[in-house]
Amino acid sequence: MNSIIFIMEMIGTVAFAISGVLAAKEKKMDLFGAVTLGCTTAVGGGMVRDLILGQTPPIMFLQPIYTEVAFVTSILYFVFEKRTHRQSGEHVTNLLYIADSVGLGVFVVVGSLAAFRAGYGSSLFLCTFVGVLTGIGGGLLRDMLSAELPIIMRKRVYGLAAIFGALSFSLLMEWHYEEDVAIFSGVSITALIRFLAIYYHWNLPSFKEE
């Protein structure tokens, strides 16, 4: 199971790094900006998770493989985007949403699982909360660094997807289902809600400009 978790973390790291580079492209940043956003998006949520759970220094410093993968992915995807000469537009926005959804689903579950393994399985709220923060933390930091209103506050039920995914995983773990069943459920529910929200343009009610 640990190898499965590691593979999931790598998938999430790559997906979030790509979403960070795409956000940098939207803002027409240079290579340094793209790598900064890519790495921040990929490892930011895990750093927040570790600080909440009292894991210091955060795992990203003790096991730099996550930062290294994010760094390499960011550079490679920056070069790919430069070589394809695609202009920013709706297709880039959609790619950003898709990459973000995959990363969100993975890291929501990884965060909640970390809380369970740290001995907090009796607290459904804490495990769900840590999962949500792990999932949204990197994207939140990315949007702040790129001077954007965080996507969690404005687009495609981002926060709700994270909450439902983390809650479903935590409930199944509390009800003593197999860990792999809980993991599959949490990732699938989070990503599915996000994909449906993107496809059908679901948004929560919001204040509109007059």
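Cβ atoms here come from the backbone N, Cα and C positions, even for glycine.
Remember, predicted model here, so these are calculated numbers, not experimental data.
Annotated features in TrEMBL:
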- 6-24: transmembrane segment (TRANSMEM)
- 7-81: domain 'Glycine transporter' (DOMAIN)
- 31-48: transmembrane segment (TRANSMEM)
- 60-80: transmembrane segment (TRANSMEM)
- 92-116: transmembrane segment (TRANSMEM)
- 98-172: domain 'Glycine transporter' (DOMAIN)
- 122-145: transmembrane segment (TRANSMEM)
- 157-175: transmembrane segment (TRANSMEM)
- 181-202: transmembrane segment (TRANSMEM)
Between the stretches 6-24, 92-116, 122-145, 157-175, which one has more Cβ pairs under 8 Å with the transmembrane segment (60-80) than any other?
-> 6-24
In terms of Cβ proximity under 8 Å, which residues at least six beyond the ends of the transmembrane segment (31-48) contact it?
-> 12-14, 16-21, 23-25, 58-60, 66-67, 69-71, 73-75, 77-78, 103, 107, 110-111, 133-142, 145-146
Cβ-Cβ under 8 Å with the transmembrane segment (6-24): same-chain residues at least 6 beyond its ends = 33-43, 45, 66, 69-70, 73-74, 77-78, 81, 92, 95-96, 99-100, 102-103, 105-107, 109-110, 138-139, 142-143, 146, 148, 183, 187
Mean per-residue pLDDT computed across the domain 'Glycine transporter' (98-172) | 92
Summed over the domain 'Glycine transporter' (98-172), the DSSP helix, strand and coil counts are 63 helix, 0 strand, 12 coil
Summary of DSSP states over the domain 'Glycine transporter' (7-81), given as helix, strand and coil counts = 63 helix, 0 strand, 12 coil
